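This report concerns only the one structure given below.
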């Protein structure tokens, strides 16, 4: 089956054998000469030899004896050159026969080294051999050592004289070699150095035996309890014995009760278990007795007997863990035997060996004996003026190589001393390396210290062959020019300058001149065109009629950056662009340029018309909203016309038709803004002339639009019209609105004057008030009530609030004022600047605030705020200081733009690469899976509504109204606005819908899982390249937003921090997961991390859900009624608190001056705060600062203090005492005294704050901060502060984590070493003799315990299953759980961001997908960017495509191999049919770069990044690219397998109809 235009449909990459290289070659290059300096003809047998590579001129030999086409194919007898086209100099290879074999550096120095991996040597060792530093010795086994050698992991199989031997390889220095191997008598050793000997060893490798051996070594890696049995004992005795020992140990530990005497003979428990497993002993699972024979019911043998016995005993005694725990432990014993790196290396080597076996490659071909010389025209030598030459670097590299090669041949012929020959061989090897890849090992530079470009450099990077010439080519029939606005154009037109059109359409014009008889020949026509005769223009007009052209504006960030238009010929040299298509191109007319391309073929023209025409691209594919909208002047005109003015001329008049009203308006009887009544249909409508005129522009039969039109309402209007009437009518409507908008804006004569910026009268009062509040904050700070960080946070908060208040005051003043224009009184709404901002025409409230309110806070480059706000505005002017502060933000904006544009561009490139082969491949994949879709809620606030998330999706199950039980929508319905509105009204909160994440199509995605094509509002059609659309939709806003930072000029607006919970709708509140304490003022304090408050309506349906932070004060009781606007809870947003849960005396432990805490004395206030901070690293090990509350009932509550926490105890209550520090004394072996803080009878009450941890200071959030977060998520990187999450449900216990405990008593110090046990005492505790320190260690003395803690151990224990998990937490990390808390799977135990891999492992693939989607959406939402979920889902799907094999079963995979999920599923199906053992695999998360590099297509991966590595791997494994993706087809010049390049469209024939009749659009 042939696909596309090319005669093949797959491409395989292999290593070239020497014979293959010779078959390409047309002769050997023996001399390093290039051209003769006098004749400038190529030297014979040189690098440009005409005899080898072909003639310099078409059909002419070098000496000139044969000239002309008639001698084609003749070989000249004088100069030996074949008479043919000179073009063959671009395709004929030569070759160089190397005097000694040389290694190919790609296979030598890739990581891991391919040659090294096959020989089981490290990259360093194999390099030493190749570069003649060390000897390689092959050690053959003696007959009695054969078995040992073949079982050893460190040997490799070779075939010698037809027999396979397992041999050991040694890399030894010259001295070692001389000493140990050189004079060995027995014939066991072969040795040599350099590539030649390595080639010999590679050629005798027995690959089949090698693959078998590696599989055998890897086999036990997957073993578990199920594999126990005689076979395992036979093949893997050591491992088998370890597991038997472990089981015996567990039988003893849990008193499982298995008898140890058989027929009166006493046996060890190990032997009994071995007997049961090997099926020679039977076990009664109820009594634990054993016997030689099967005695009926309850008697079992083999490993299952042990399992049944365990389960039976557990039924009696719940303290024994479930048997799964034992199985898990057995698995861990196996894993301990295999280090991760070892398994990885084994798998890599096995893959390589199997690659060689499958691909018919030979390992010795990685060492070159013949080197190809590429055609001379691809490494040209060009004569410049003045007798100089410009040459390609390759010629220099080939010259060095030929020189060294010839010298080596001469030395060998002369029988030179070994040391000289060896050095020359090494130099030859180095010159081969440099030719293939300069810089991999040493760099060769030109005279100007520039590294020479090697063959690899011609492939890789932006300037390499892939990206420069194959993925992006310069095209003919194109031109570029500056753009200007063309307001009179229709939407599908563009103005094309005549001179440009003439050049672009030249061939068409020639043809038309001939057809019309103006010219008799092409030559004649050319002449006419050159002279620009009048007939030429006439023909040009006819030619361009209905011949679309493509316009493109760089940077091409999404598909709307290229659109088709019908050209309209215009005078001048500038392209005219329709104003409405500026937003999709992101174009303006300040000097932007655009490129024009002419589609030549009839198919191309048809595609341009049907698919790319601007009227087809009204909706954005990123979110389905209109992207072609009136903007700026047009919005202003429409806004102006649609506003009322009370008391305008003609107010209150009544008209019986629109026409009457227009007549009155034309006769100046009524004003355009006057409120009048007009009969529309059967009713009288209150409206004005402006609105009537706007409705004239709307489609016939559309509802009467009677509202003020600003940018948002216009957008809704256009979307609605598009929904009802489709693209064509919408385009016409837009054109009419454009005309009217421009006209009204002109008529209104709106302009900006300095007087329009009204400075609010309240400003001075508000600013003064803020300064007064600032003084209060400073005062609190000086008194030491708050810390410096809190002061900063409060300052920012005050100024953010003040700026907001000033802005409000300014707007309300503008709205109340009056304008007088031409003697006409207009309300404040008509203030020109206000009107521009309010209508969305230009500018926004922020900019208005800066013009007439106050500039507010400015951001530093680090993202923090400068505390001094700019209280002036631009109308008043800034003071010098204020101006200086301003420059900060403005400069940040410009620097950001430069840096972040490239960052966003690179992100887009990675996204495109990872998703490029996602194409709609079928209508329905038939999956039964679905996603549960619900609104995205972030800290109690709904960020993305259910409706927004559902539109355009396909339902997976029927939906019924939860109350009336009637059917709302059926499965497989596509959800549009009406259906989603009905679903929401019914109060459905979760909907099961189809999703890209669950699509089961083999390649690509199916239409049903994808849903709507958002730019067409209909189910996506097959062949749509949805992956690339997704990448563009995510990447484009990134680029946009980073480019847009500097427009605000750095005036930062801090988000006012949420510090209270305000109810939005009345109802009944319900608490879930809150734990409340009454504090000394009677207030209720929440001490749960998981608290949620729900608001329910009278029917008990949830209408709001809010999370409540720890330490929030709750102001209502559970179940009370609340009204809208009630404050239910409030908290301090700037601190995390540690709260006393009980009353009692407060005791400080290990709070030591200048050791575990530092006193922060404030220079301004003279107040002191005590901050936890370890001054030396080892202090953190020796001391654990904590607060203990001793309650009246004798209980102790202990609170660890994390780093940076501040004690909330009045400084004057703290006393200090010098005392001996037992831990330090012990560590430093002499008395160490510390200054301890202590409290004298200090009592606390429940709810008291005993310490606080200040949160990070408020920073400016813009997408510049957000883009790195998006990248962190898509690349699956580790966050800076990873959280620990629980893997099981259970109760939390917290222990000290230490290696030793000391008890210090008057008699002396006693040390106890702790090994893998839990410490039952706390640091600093007084212990009595006999107190348990751990389960097995008891204190021999009474005294004070010193625990040298590294941190804490959190143990989660599940009583039902007996499972427990232990987590080590380093010192200084904040624990979110306390002793005795109950946690669920996936709950966070410490602060920080959870690791994506952990979420995957613990909560599963669905939770991870939800998490990723939400996190990415939040970053964009924060910027007000709408991206449909499905685009992000496509990228996430690509990140989760891979599975890692846990147990290969009977499959062709090996353990730990990463395979594509589709491949895995196919293999599972195959094995199911054959009734074999099914392989097991786990999903893994792969970052987008790695995902793009590990795609099936090696062409696509090589053109993305790390070209040489990808090609090396592809060649050694003999990979086949089946050309299924888009990118690889672009590279080889095929039609792409998407859109109209699909197979279905192959047979569509297109003809040009001579007489075009008026065709109606089929609806």
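Cβ atoms here come from the backbone N, Cα and C positions, even for glycine.
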Of the candidates 999, 1221, the one that Swiss-Prot places in the Zn(2+) 2 site of 925, 1006, 1009: 999
Rounded Cα-Cα span from residue 592 (Mg(2+) binding site) to residue 1009 (Zn(2+) 2 binding site), Å: 40
Between residue 76 (Zn(2+) 1 binding site) and residue 1006 (Zn(2+) 2 binding site): CA-CA distance (Å): 63
Cα proximity to residue 63 (Zn(2+) 1 binding site), best match among binding-site residues 588, 590, 592, 925: 592
Binding-site residues compared (79, 1009) - the one with the fewest other Cβ atoms within 10 Å: 79
Long-range Cβ environment of residue 925 (Zn(2+) 2 binding site), under 8 Å and at least 6 residues apart: 999, 1000, 1001, 1005, 1006, 1008, 1009
Nearest recorded site to residue 79 (Zn(2+) 1 binding site) by CA-CA distance, among binding-site residues 588, 590, 592: 592
Cβ-based isolation winner (fewest other Cβ atoms within 10 Å) among the binding-site residues 588, 590, 592: 590
Alpha-carbon spacing, residue 588 (Mg(2+) binding site) to residue 61 (Zn(2+) 1 binding site), which is rounded to whole Å: 58
Listed in sequence order, residues with CB under 8 A of residue 76 (Zn(2+) 1 binding site) and six or more positions away: 61, 62, 63, 65, 66, 82, 83
Per-residue Cβ crowding (10 Å cut-off), top of binding-site residues 63, 1006: 1006
Shell of the Zn(2+) 1 site beyond 61, 63, 76, 79, same chain only (C-beta within 8 angstroms of their C-beta centre): 50, 62, 64, 65, 66, 77, 78, 80, 81
